[in-house]
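The next block holds one structure in the form of structure tokens; read it before the comments.
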Amino acid sequence: MSPVLGYWKDRCLAQSIRLLLAYKGVEYEDKQYEIGDPPDYDRTCWLSVKYKLELDFPNLPYYIDGDVKISQSVAILRYLGCRYGLEGGTEVERRRIDVLVNQAMDMEDQMLDVCYFNYDRKPQYLKELPRQIKQYCDFLGDRPWFAGETLTFADFLIYEFLDQHRVLDPTCLDAAPPLQRFITRLEALPPVREYMASPSFMTAPLFNKHSAYEIEQRAKKAAQKKK
Ligand SMILES: N[C@@H](CCC(=O)N[C@@H](CS)C(=O)NCC(=O)O)C(=O)O
């Protein structure tokens, strides 16, 4: 049976996993749970199966590959990295991956908090973004990939992380040519390029329907329609 990746019908924490799986040409089921419409945002489609999947810590995303049943997005990426030779070739590379992934997930948590629950803090978050982006830029330096010479699972995580920030603020990488080159390099990998051109590639929504960000997006679309 093909592995199953379960997540909401949006990008958020699953898109980097989808990208890695596409890069490796893994056949899998991209199981997307769709939250109900406002005002209820019914989550029954997920909650009705949440505790039946034999996950130690039931959550989304999850990945089921035979006897392997895991949640936690980074654990899934790391599992896939080890399974498909994208875990870093040296001690130094693996150390860089650890630091980077933990750092990026801290920031992702902040970004999600803003985009879901504290949207009034978005201007402040974006104001502080250049300082944060510079740190990723300096960390990459002139290496081709974030760990060093080898492409690793961390690159898929950081690619998606940067791209989500680009959606929030299209100018945020303007002062970071190394990060722009990294993005171009990853997008040019043939399986990634093919995946991005395919109908199964999701560009939106970034987040779930009940997030403040997506509520704003829908309001903007509705206002444009009225014009
Ligand atoms: N640290 C977890 C966070 C998982 C999480 O918060 N998942 C959210 C979507 S972003 C969810 O709706 N989970 C389903 C649930 O809580 O039942 C990870 O990285 O996977």
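Using the three backbone atoms N, Cα and C, a Cβ is placed for every residue, glycine included.
Since the structure is predicted, the reported quantities are computational estimates derived from the model, not experimental observations.
Per-residue pLDDT, averaged over the domain 'GST N-terminal' (1-88), rounds to 98. Look at TrEMBL and you will find 1-88 tagged as domain 'GST N-terminal'.
Sorting the domain 'GST C-terminal' (90-206) by DSSP state (H, G, I as helix; E, B as strand; all else coil) yields 83 helix, 0 strand, 34 coil. The annotation domain 'GST C-terminal' is assigned in TrEMBL to 90-206.
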